[in-house]
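Presented below is the structure to which this report refers.
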Amino acid sequence: MSNHDSGNEEGGGELGLFAEPTDYYPPSPPPTTETYTTASGDVITLHLVGHSPLEAHHLWNGSRVISQLFESDPDSTVKGRTVCELGAGAGLPSLVASILNASLVVCTDFPDPDLIATIQKNIDGCHLLPHLQSNIPPNIIADGFVWGADPSTLLRHLPPPSPTPTPGFDVLILADLLFRHSEHGNMIKTIRETLKRTKEAKAYVVFCSYRPWLREKDLKFFELARDQGFNVEQILEKKMDKKLFEEDPGDEDILKTVTGWVVSWPEGEWVA
């Protein structure tokens, strides 16, 4: 069994929800790094925590795939837009959105000091970010956030609305979060409270079912989103060259396949 498959599905609330008995795991391994190569051939090095019950010690395939999607068409995805990533881990999609000239990126994960410090380290060390290439203010911020919590801590980062007040982000990113089945409701609550109420606003939900036998539970997220009035559309399917965890059991096709979806407001919810 991989560390990511410990059987604990909780994703929000107090960090104690994720804690295992002190002798459950061997001593935490040291922090590691992963790399991502951009479409132009530049390499982004990402620092990861050594071990996290929040699964932040992996660079998930969903993060790679959504980053590639943004790179393939920045003008229609993130360029010039306000972006917020939930459960970011290393924050790769946020970094890519910043590089592609999003107007603002708020990169969030559970407010654990080590997690937020790791995101900030990745921001500080990414030489491709616009503010490190020229003398302009940073367009990316690291912050802690618990899914389903009061969103004012996130919304305060947005510039004042003008001319019509439509508070919220143009783009939300949820990459490989759906295995936290008990947190689906909190994720959708946060989408409802932080996604800008416009026709163009999109929440990108990208995931792989790393436990194929629970795929139907993963997909329940989209049923719940539809039940709560959102539009849901699948926009991509990509089969990776290999599964992320070689030792994982189950259907290999499912373990290699990443799907991407857009959750958006129906017409009646738009604010002009």
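The chain as shown is numbered from 1 upward.
Here the Cβ of each residue, glycine as well, is placed from N, Cα and C on the backbone.
Annotated in TrEMBL:
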REGION    1-34  region 'Disordered'
BINDING   Trp60, Gly87, Ala88, Gly89, Asp109, Trp147, Ala175  S-adenosyl-L-methionine binding site
*Among Gly87, Gly89, which are binding-site residues, the residue with the most C-beta atoms within 10 angstroms of its C-beta*: Gly89
*Counting across all protein chains shown, how many other Cβ atoms sit within 10 Å of the Cβ of Trp60 (S-adenosyl-L-methionine binding site)?*
26
*In Å, how long is the longest CA to CA span across Trp60, Gly87, Ala88, Gly89, Asp109, Trp147, Ala175, which the record gives as the S-adenosyl-L-methionine binders?*
19
